Amino acid sequence: MKKEYSCKEIERFVQKHWEINDTFKVLEDSKKDKYYCVSMMPYPSGKLHMGHVRNYVLGDVIARYQRMLGKNVLHPIGWDAFGLPAETAAINNKISPEKWTISSIEYMKNQLKLLGCSYDWSREIITCDPKYYKWEQLLFTKLYNKNKAYKKKSIVNWCPKDKTVLANEQVIDNLCWRCSSNIEMKKIFQWFIKITDYADELLNDLNDLKLWPKKVKVMQRNWIGKSKGIDVLFHIKDTNEKILIYVSKLEIFMGITFIVISKEHKLIKFIENKLPSIAKLIKNYNNEKTLELNLRKKTKDGIFTSLFAIHPISKKILPIWISNFFFTNNDIYQSIAAIPAYNKNELDFAKKYNLPIRYVIKDYFEKIIDFKKYNNLKEGILFNSNIFNGLNLKNGYDRISKFLISNKIGKRSTHYKLRDWCISRQRYWGAPIPVLITKENKILVVSENELPVILPKAKNNNIIHSLNSYKDWIYVLNDNKLVKREVDTFDTFMESSWYLHRYTCTKYTKDILDPNATNYWFPVDQYIGGIEHATMHLLYLRFYHKILRDMNFVKCDEPVNRLLCQGMVLSDTFYYFSKSGNKIWTSPKNKNFERNKDNKIINAIDSLGNKLTHIGMSKMSKSKNNGVDPQGIINKYGSDTLRLFIMFAAPPELSLEWSDKGIIGANRFIKKLWKITYNYLNLKKNNNYVFYKKLKEQDNILLEKSFYVINKVTKDIDKNQTFNTAIAEIMKLTNHLNSYINKNEYNNISIIKKVLMIIIRLLYPFIPHVCFVLWNEINKNNDIDKTKWPKIKMPFIKNKKKNIVVQINGKLKTVISFDISCNEFLIKKCVIENNKIKNLLNKKKIKNIIYVKNKIINIVLDDK
């Protein structure tokens, strides 16, 4: 064994060994317990950043640990290769998206191998490969034939910069999730999948996900947004027309003061026919433009229709308005009954147009409740509510509901915020939708034997945003008739919604999936990824899994048993404005700056002299150009050092602020472990050791500490997933072993070996390269990749006792010996029941018992 630790030499040797021996390749084995561990697949964005490293090292640590438990572990990897990031990067680099994507994959794949990730590379998926998206297209045709997919004209979220539609889940605070552009609303033909058919199941099955973060489940519940209420018919004064409105907050029903309808409401036609002056106003009312402002507008625009609805209980007249402050894609419900006293947007509108505001709730102190207090209100009394005055909120809800139903004014109804999933995008770099359209606009799905429909090649690297321009690809013959291909492509979440299933059978060519493989591996035992995917990928994944179950490709109801949402890796983030006014994000490494007395960055400039604005720490991302390339760290310190730092720096679910300082400490620890092993081998080689049949006290202490650490680390990795505390315990044990070796004149070599082997096995999931070599040095020709996790064995360790001093009113009475495992309750119970103490107490009343852990019990008597 060499005296000095050489990370490059070690890691190169070990990685070659893994590759030559296909160490992590796995097949189904019914004789073994399976474990399916996977991290969310990356976009091939060019290079891995530290956020990637954290995600994939987390998964690798868990996979390696589970292998050591003797399980058959599937740990695959793939690439989410379609979509805007690759297309934008390709345009910027003036090459085709395909070439950019493949070159990025090769680079990032090499980085993952350098990290030492234990993937089964034979199962690698690239979603832009026709061999993958062929089955996605087939699945879509099956959904269409089952009436689960459809095309309709719909108002959609439109990103003017990326020139594509966004699903509701991809709009954050009315901004594009990718480029932060203001979202507009357009009405165009789009493809949808009926996720709403599964709304109840998606909601109810959240209760079965015991090992998912509570926050993710809350986010999905809120997104699905199930509510129960009443569909109420409002008659329009002096007409035969009616408006159907869904009302969920029945306790404040008497506070309705006006009605709002959208421009899409069927009543608009009636207005245009009967009220030409209003029709002209409607025509000039650019709904598409104003809708983009939606709820972000401080003031809401509207048109009074000159019509009035009649409140079904109070018979008061309610003016009907057309407005932009609410939006729905629901064809039936295009109206709301406004209760401005208890809704901020409706209140703003009412104030602007001088509409009535009717408060209907007081608290028990006769104080009127407004919208600020209403949402968190638990108790209140109705007033201004006619026959319902004096009722509390619950009774008011029940009585008003009963009145509406019994008088046939309304009927019970269940609503969801969830809308069908818009899956079509107006971009080039995506999987083609396998549909043909005839001259008569009839839709034909492409037959299975003609799949995949392959994306046309970009000509001369000239990227055209839409497939509309590829005329030679669009027009084809079908039954000797000229038809047109669908020019939209799939949303990339279509690819990522089922890749976990395809990992189980990547070489299977008979159908979408091999049920034998999916039913062996599913559900996924551990899934790792960011919480930002809670209402997008994770919801679509659950939905697709249920579709695949209903097609008999898999049996279980949920795809993922345990979910770990790792925290973000943050780094300093800078930008400047170009001459054209565009915000340009610049890399943290290409800048100079100063720090003020509060340690805040000031006077930052880049290498070109641009004055930079520092926005603090933010998530590493390609879009903000603040990612740190791990390659420099790996080149200098090795991937084991990087892995150890990433796992030790913070609990996995919390954000980690990146700095290079912790790297040095992690590297120092690995060198210490190397030195301890080197010294042990020298002790053995020079015969400077003894074997003791009888263990000395320091031996017992070291062994007892070792078995405590095994137990603690096992719980931290397996149950708690607090990997940082697991590493901390191993470091303490390593320091203890080092002290044992340095302080003792005569070392028990068998104890050193035993503890050292425990440490190396405990560290193997975290720093596999150096542990592989150290293990092989201690146990010649023995492969740690096939070694079991250490078990607790303590038969040779005496049961330690703790002596507790017993006092009465502060005076020493006796000392009682207890087993070290006894807790406070047992100790107090035994002391009180001790015969000597019983006699001393002589039935006197005890006022208090004070316990100082593992030291003293003081019984305080009542003087009375």
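FYI, residue positions are counted from 1 along the chain as it appears here.
Cβ from N, Cα, C; glycine included.
Computed from a predicted structure; not experimentally measured.
Checking the ranges 42-52, 295-305, 405-415, 592-602 against Swiss-Prot, the motif ''HIGH' region' annotation falls on 42-52. Looking at 94-98, 514-518, 619-623, 629-633, the range annotated in Swiss-Prot as motif ''KMSKS' region' turns out to be 619-623. The number of other Cβ atoms within 10 Å of the Cβ belonging to K622 (ATP binding site), over all protein chains shown, comes to 16.
DSSP places the residues of the motif ''KMSKS' region' (619-623) in helix, strand and coil in these numbers: 0 helix, 1 strand, 4 coil. Secondary structure of the motif ''HIGH' region' (42-52) per DSSP, as helix, strand and coil residue counts: 3 helix, 0 strand, 8 coil.
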